[in-house]
Amino acid sequence: MGARVRAFDWEKTPLGPISSWPQSLKTTIDLMMASQLAMNLIWGPERILIYNEIHRAFMGTKHPRAFGRPGREVWGEVWEAAEAAIHRRVFAGETVTLEDHPWTLLRNGGPEEAFFTSYFTPIHDETGAVVANLATAFETTNAVKEKAERDRAERALRKNEARLREVLEGIGEAFYALDQNQRFLYASRKALEIWDKKPDDLIGLPFLSAFPNAVGTPDYEAHRRAFETGTAQHFESLSPLIGHWFEVDIYPTSTGVSVAFRDIHRRKHAEALLRASEARLKAAAELVGLSPYSGDPRTGALDWDARLKAMWGLPADTIVDAPMAVAAIHPDDQARVAAAWEASLDPASDGVFVAEYRVLGIEDGIERWVSTHAQNFFEGRQPVGFIGAIREITEEKHAGSRLRESEARLKAAVDLARLGCYAWNPQSNKLQWDDTVRGMWGLPAGAVVDYEVWRSCVHPDDLARVEAAIQRCADPRSDGVYNIEYRVIGKTDGVERWIATRGQTSFDNDVPASFFGVALEITDRKRIEERLERRVEERTRELEEANKQLGAQMEQREIAEAESQQLQRIDAIGQITSGVAHDFNNLLSVVLTNARMLSRNLRDPGDQEGCELVLGAAQRGANLTSQLLAFSRQQRLEPKVVDLNSTIVKMSGLLNASLRGAIQLRTNLAADLCPALVDLTQIQSVILNLVINARDAMRPGGTLTLETFNAITDKELSGPEAPAPGKYVGLAVRDTGMGIPDDVLPHVFEPFFTTKGPGKGSGLGLAQVIGFAKQSGGGIALKTHVGEGTSVTVFLPCAEVVPRVRKRESDAEQISTVELKPCILVVDDDQAVLRSTVRVLEAVGYAAVAAASGQEALELIANGLKMELVLADFAMPEMTGVELAKAIRATHPDLPVIIVTGYGDRETLEEFREAQILRKPYDEDGLMKAILTALT
């Protein structure tokens with residue numbers, strides 16, 4: 001090193017060239033270089049470092065760069081501490097000693113720990129001032145190690161002494177000795193207390209004499225083995241003598257055995273409790289997802305359960321060690337976790353290791369977050385073991401991440417929504433507002449706010465309501481929610497604004513502790529709402545009016561639907577009754593024609609009377625079928641111009657007779673009454689029906705009024721029986737009877753419905769009236785009040801143009817039967833009607849040919865049958881009478897055809913004149929009249 005001193009370029013250092021050095025520096029360096037001790041010199045205020053060859057081992061890798069450089073640059077990491085602890089004191093003239101300080105030296109081929117005692121001595125210059133610190137180091141490695149070994153030996157000795165003392169103290173608590181014959185030689189005080197014995201009770205007695213109940217017990221068997229084998233016995237047993245658990249040690253001796261035992265009943269009880277507690281702890285740990293673990297940092301051994309191995313992506317049977325566990329830690333977390341673990345291994349620390357980090361599953365590759373808490377245990381300064389628990393927190397971390405994202409989105413949403421946030425301390429009445437809320441109150445950003453500022457801005461009309469809401473949310477019995485809309489008047493700008501605010505009060509022991517809320521300006525929304533409210537009011541009025549109209553329309557529709565259903569029911573019944581009438585007409589035609597023929601040939605007055613009764617009954621049946629056809633609107637009407645007033649006058653005698661003198665008949669006939677276009681016979685029947693119904697509804701002394709009038713209906717009346725709008729002749733029949741009850745009224749026009757007793761009414765009267773009225777092109781209106789009477793009005797079409805009517809031949813005209821009678825072809829599928837008709841024709845001298853179908857009739861004609869007239873039934877299968885007539889016209893246009901029908905199908909028979917139609921039931925006179933009319 002002397003050569004290094006001479007070769008070093010000192011001119012580049014604060015010391016300058018060697019030639020300029022003070023003598024004290026040269027002398028000190030010469031002393032250092034010649035010394036066999038490790039020495040270094042810190043010179044001057046720059047603290048220039050110079051050291052000898054022996055000290056170079058202390059410098060390690062800092063040599064040779066450190067030689068001749070300031071100490072601060074060389075030992076920058078510890079310089080401040082060394083400056084304060086050593087150099088300042090030495091430069092102040094104090095000698096400092098550092099005993100047995102450890103150093104790591106580069107010797108013997110590598111780094112080696114050694115111990116030195118160093119002396120730091122001040123060096124004075126020629127003026128006596130301290131200019132340097134000379135450090136001399138004496139190695140004390142062997143002494144330190146010897147002392148450490150002695151200390152360890154002393155500690156071990158003290159530990160052994162303590163253990164021996166503990167054993168001796170334990171033996172002193174409960175101990176006894178037996179001789180070779182198992183007689184008591186000695187029993188300690190503690191043993192006597194446990195057994196509740198005195199020395200005289202035991203000394204000299206055999207063991208089994210003192211404790212006869214011990215025979216066969218594990219305790220006695222252990223004694224016997226010790227005597228027989230000469231080996232020590234150690235066991236724990238539940239003593240049968242006193243019912244306690246004991247830990248027993250039996251030591252064979254040259255004189256017998258020595259027995260030490262201690263009461264472990266509490267420990268056994270505690271162990272049982274501990275096992276139960278550990279079971280509960282394990283269950284709780286599994287419940288919350290904790291996995292306990294333990295390990296030895298000296299060997300790297302780990303004890304993990306299956307749950308913990310699964311967190312590391314390992315099967316349950318995997319043997320895990322520390323390197324494997326560490327390798328799975330996420331690379332970004334390894335340094336942080338390693339630092340925390342190393343810190344917990346420092347014996348000066350509390351040994352606690354707490355960390356949260358990620359692991360990458362070794363076999364499944366899944367990334368998981370875990371949280372670990374562990375406690376290290378030390379012996380001396382060395383960690384010897386640790387226990388801890390790990391819990392997977394992946395979902396919590398993800399939830400936290402989602403929460404942060406949610407908070408960020410919430411903040412963005414709050415900013416976008418222009419929401420203001422505020423807080424209020426109910427105890428101090430202090431307010432915290434953000435600038436958004438300040439702006440709502442017309443305050444500049446950062447303005448100071450307090451409760452009075454807030455209160456002064458609330459609109460006077462809303463203040464009481466707002467403060468009441470605050471009181472409610474501050475009440476611990478409430479849910480603490482504050483939700484209200486109110487107006488504020490800007491503090492500085494005077495602008496009125498609407499505010500919507502919502503908040504939540506937090507309570508501490510039923511005392512409001514804090515309040516947080518948000519506010520939103522809704523002025524624009526309120527203005528829109530006001531406009532909408534006005535519009536809603538307008539629309540509401542419009543809707544109410546529309547609803548009224550809709551209600552009326554719905555009511556009309558319901559009425560129309562009810563009317564339509566009623567018409568459908570009546571039409572269905574009409575179809576049935578029409579068919580029934582047709583079948584009855586066939587039967588009645590046979591009865592009438594044959595009864596008339598029989599009446600001519602009977603001479604006995606009694607037989608004549610019986611035949612007349614048959615004819616009368618058949619005629620009444622014919623009238624009934626006529627009513628059925630009228631109801632079903634299938635009858636053939638012959639509308640003519642009729643003076644209704646004249647008709648009523650002519651019928652007055654009949655009507656009065658029908659009233660039987662018990663009812664007063666009044667008439668109120670319009671002078672300017674329009675003529676009606678109706679079937680005269682049917683209107684007479686209608687008038688008579690209505691009068692009879694009115695009569696039956698009144699008690700003797702009642703009044704019945706017949707009234708005629710001109711009627712114009714400009715809107716459709718309600719009910720399926722009402723007429724359509726138009727001009728009509730009105731016929732009203734009013735009675736002073738009891739009226740029609742509400743439950744009966746809907747059924748009065750139904751066919752076969754009657755309130756009269758059995759045999760007193762067919763129920764077809766009003767049904768016939770409405771059928772005739774509707775078929776004629778009119779309708780009916782009915783008004784009734786219970787206790788006041790009923791009015792039935794029939795509306796009949798007016799005869800605007802009076803048609804020319806061919807004068808009918810008198811019904812009294814007799815039909816001559818002496819002229820030459822032509823041949824008549826009779827066609828009918830009903831054999832009874834067919835035979836009866838042929839029989840009548842032949843009886844009066846006609847040549848009659850019968851055909852049972854339309855096809856048979858056409859075949860007869862095609863075969864050259866000469867005839868002057870065809871009499872064809874309307875309703876026949878396969879070919880109707882109308883179809884047969886059309887076929888005959890195609891080949892014999894001049895051959896007359898009479899259609900015989902029990903129906904009243906108007907549309908099908910529309911092309912036939914009335915003279916070409918013969919209605920069932922008919923008698924001989926009717927048949928002859930129809931034939932004569934067709935042939936002339």
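Cβ from N, Cα, C; glycine included.
Where the annotation comes from TrEMBL, it is an automatic prediction and has not been curated.
Quantities reported herein were computed from a predicted structural model and do not represent experimental measurements.
The feature coiled coil is assigned by TrEMBL to 529-563.
For 160-204 (among others), the entry in TrEMBL reads domain 'PAS'.
The feature domain 'PAC' is assigned by TrEMBL to 353-405 (among others).
Among the features that TrEMBL reports, domain 'PAS' is placed at 406-477 (among others).
Feature annotation from TrEMBL assigns domain 'PAC' to 482-534 (among others).
As annotated by TrEMBL, domain 'Histidine kinase' applies to 579-800.
Under the heading domain 'Response regulatory', TrEMBL lists 823-935. The average pLDDT for the domain 'Response regulatory' (823-935) in the predicted structure is 86.
The 4-aspartylphosphate annotation in TrEMBL covers Asp873. The Cβ of Asp873 (4-aspartylphosphate) lies under 8 Å from the Cβ of Val827, Asp828, Asp829, Asp830, Val833, Gly881, Val900, Thr901, each of which sits 6+ residues away along the same chain.
In terms of DSSP secondary structure, the domain 'Response regulatory' (823-935) contains 48 helix, 23 strand, 42 coil.
Remark: secondary structure over the domain 'PAC' (482-534) totals 12 helix, 32 strand, 9 coil, with classes taken from DSSP. Taken through DSSP, the domain 'PAS' (406-477) splits into 39 helix, 11 strand, 22 coil. Counted with DSSP, the domain 'PAC' (353-405) comes out as 12 helix, 32 strand, 9 coil.
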